[in-house]
């Protein structure tokens, strides 16, 4: 007598039929799809055995349904971004969410280096000195009248000497008139005020923080580091101690373990499902 070979669920014979093993138990195609097939996020129908199942963060799509939510172009085997549960091709994501270069007005594509200053952004190659037209990059620069200058060019074009020998203010063993000893950026008088210096140029604390201080990834305000300010640093990002909190539950993560999801930081409890 021939041994039976039946579907584990409906008991229909599988001889001469296509079947799928699930935990070493054979299932006919219909039962397997009814019991185990994932539902497509786009069309809402099961993803059958004869279809490719594309998944992202526990969500599933038919190959033909895996497309950009804006332009409809296929995302199969292409880079994409997720925004508010929607999948976007890199072009649509950049056009809608990426910043524009202050100089060339073109989109700054995700993953490319950009320079930021006072809410404006530039491509790295577009952030140049007004005088010599060379890229400033990560070097020191001085803004003047909505233009940016590298330090050598600023010094050649604008730096002044104070021809006095007594009185006034002494800075780096050089005498200055009180009214001439001003912040390099905003020109506020520094006599009697707290200030700091960069490349031997004096700055008020506000301008120094705006120009050179690292920005907090939480509140985006400068981290001055002056007066013993404490901050957290992780993978080229920094936070004020008070801003280093879980994105979901706001629990302080200072001195605790944490997880990352894209640009967010999460406590272990909130991040256990990612």
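Cβ coordinates come from backbone N, Cα and C, glycine included.
TrEMBL does not curate its annotations; it predicts them automatically.
Annotation comment: TrEMBL describes 38-98 (among others) as domain 'LIM zinc-binding'.
Annotation source TrEMBL lists domain 'LIM zinc-binding' at 99-160 (among others).
Marked as domain 'LIM zinc-binding' by TrEMBL: 214-274 (among others). Model confidence over the domain 'LIM zinc-binding' (214-274) is summarised by a mean pLDDT of 79.
Across the domain 'LIM zinc-binding' (214-274), the DSSP tally of helix, strand and coil residues reads 10 helix, 21 strand, 30 coil.
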